[in-house]
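Chemist: If you look up TrEMBL, you'll see ASP240, ASP255 marked as Mg(2+) 1 binding site. Under the heading Mg(2+) 2 binding site, TrEMBL lists ASP255, ASN257. Look at TrEMBL and you will find 1-10 tagged as compositional bias 'Polar residues'. The annotation region 'Disordered' is assigned in TrEMBL to 1-25.
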Amino acid sequence: MRLNGDQLSSGDDEGEEREQRKANSIGVGFPQPQKLVVVGYALTSKKKKSFLQPKLEGLARNKGILFMAIDLNRPLSDQGPFDVVLHKIMAFGLTLFSSFFLIILKDYRQKHPEVTVLDPPDAIQHVHNRQSMLQDVADLNLSNCYGKVGVPTQLVVAKDSSSIPDEVTKAGLKLPLVAKPLVVDGSAKSHELFLAYDQFSLAKLEPPLVLQEFINHASADDADLDPGIAGEGLRLFNIDIIRQHGTRDMFYVIDINYFPGNKCASGNERRLLEIIAGYGKMPEYEHIFTDFLLSLVQSKYKKRPTT
């Protein structure tokens, strides 16, 4: 099946997967699970190629983890059983098909609470809109002995580009402003950035968009962030954070990327949180990710009532 020109990974390698089920070696450092950990995945072929590298699959087998392709032409409940469902099919925009799949996934999650879905569709929706994504960060009021973490002052413009200069003046925003598409749908266009230096350039922008005050910044600092941001329900994400120029302890979150690949990374502004999802330049990401999967399953076992 194809999704906007990109092939969706399906369950075509059933023979190989049956062989993979024979793997029984468990990773060091984790209590031995009661059964093979089965991770069902629904990814575009492009995402599968970049993420499910042979080294990752080999290490996973050695730790007792099996990656199994979800057949999108069959009911999800008829497949598995899965311990974890990993998904990202909205690689080229929110389509009717991907919207329908998210509805199916919500229903599946309600009927199978024992399965960990990475990540819950409702949580992902927050980072598909740049207004709600940064509002969540602002509400967390992140600060500690390392400093304070905030978000840039921003303005949402839904339509009518001719009114942008007046809206900017009314909101009290200071030029220059960074303009970003309001909706993050996985397409290359949703990651385009524009810098508006004057009123003339503001009027040429195309809504819907978010305008953020430009933060004169140095390279990203090494301060650790409160993992409470993961309390928003996401595990597979990274954040772009900058340190304000001339300060040692004032940081700004400027973007959150869900399950990103190499093209979503932002060089030295990239900051990872909880689990390295921007894996492209992360050495030994395979060990981190497989241990992460095992920890999810172990936490599920601990929560189950004993009989």
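Heads up, the Cβ atoms here are built off N, Cα and C, so glycines get one too.
Keep in mind that what you see is a predicted model, and the values were worked out from it rather than measured.
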Chemist: If you count CB neighbours within 10 Å, which one among the binding-site residues ASP240, ASP255 has the smallest count?
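Modeler: Selected from the binding-site residues ASP240, ASP255 on minimum Cβ neighbours within 10 Å: ASP240.
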Chemist: To the nearest whole angstrom, what is the C-alpha distance linking ASP240 (Mg(2+) 1 binding site) and ASN257 (Mg(2+) 2 binding site)?
Modeler: 8
